[in-house]
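Undergrad: According to Swiss-Prot, the feature active site maps to R62, an assignment based on experimental evidence. Among the features that Swiss-Prot reports, disulfide bond is placed at C34-C83, C48-C72, C57-C114, C73-C132, C85-C143. Under the heading signal peptide, Swiss-Prot lists 1-28.
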Amino acid sequence: MASSSSSSHRRLILAAAVLLSVLAAASASAGTSCVPGWAIPHNPLPSCRWYVTSRTCGIGPRLPWPELKRRCCRELADIPAYCRCTALSILMDGAIPPGPDAQLEGRLEDLPGCPREVQRGFAATLVTEAECNLATISGVAECPWILGGGTMPSK
């Protein structure tokens, strides 16, 4: 009877360990998904929105560029390196996060007299040394797929 109890106890511990491993893996992968609401906040980079439109089109709040840049860079730095270019893509083109009531979010608005391609070109450089000096997963100094060049790497 003791060996039967011991065997049941071992099976229970093994099952619990497997369950914990599965939960840990699911939790880790959820934290690394570059989608709004997970590794990227919903409607990401509001300060970068202002910084991009201010620098490219002269539209935005009456804050000096260095202050807008500081805020933008802080928001971008808070996003994991492997999601920064994705966050900038969402800034330009938007994304529909997972969920039953999900709607397009994060997209920089079309502004009269402010060409979208000019904004896109500047947004692609926000991770560069001249702007925020931040690392990305691509290993290049900017996010070229925002401009339509290359494909976005996955983690």
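From the backbone N, Cα and C atoms, a Cβ is placed for every residue, glycine too.
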Undergrad: May I ask which residues of the same chain, at least 6 positions away in sequence, place their Cβ under 8 angstroms from the Cβ of C57 (disulfide bond)?
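TA: Looking at Cβ-Cβ distances below 8 Å from C57 (disulfide bond), excluding near sequence neighbours, one finds L111, G113, C114, V118, Q119.
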Undergrad: What three-state class does DSSP give C85 (disulfide bond)?
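TA: The three-state answer is helix.
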Undergrad: Can you count the other CB atoms that lie within 10 A of the CB of C83 (disulfide bond)?
TA: 22
Undergrad: Between the Cα atoms of C72 (disulfide bond) and C132 (disulfide bond), find the distance and write it as a whole number of Å.
TA: 8
Undergrad: Find the shortest Cα-Cα separation between C85 (disulfide bond) and the recorded positions C34, C48, R62, C73, C132, and name the residue that gives it.
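TA: The smallest Cα gap between C85 (disulfide bond) and any of the recorded positions is with C34.
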Undergrad: Are any of C34, C73, C83, C132, C143 (the disulfide-bonded residues) within 10 Å of C48 (disulfide bond) when you go C-alpha to C-alpha, and if so which?
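TA: Checking Cα-Cα distances against C48 (disulfide bond), the disulfide-bonded residues within 10 Å turn out to be C73.
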Undergrad: Taking the Cα atoms as reference points, how far is C132 (disulfide bond) from C143 (disulfide bond) in Å?
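TA: Computed Cα spacing between C132 (disulfide bond) and C143 (disulfide bond) is 13 Å.
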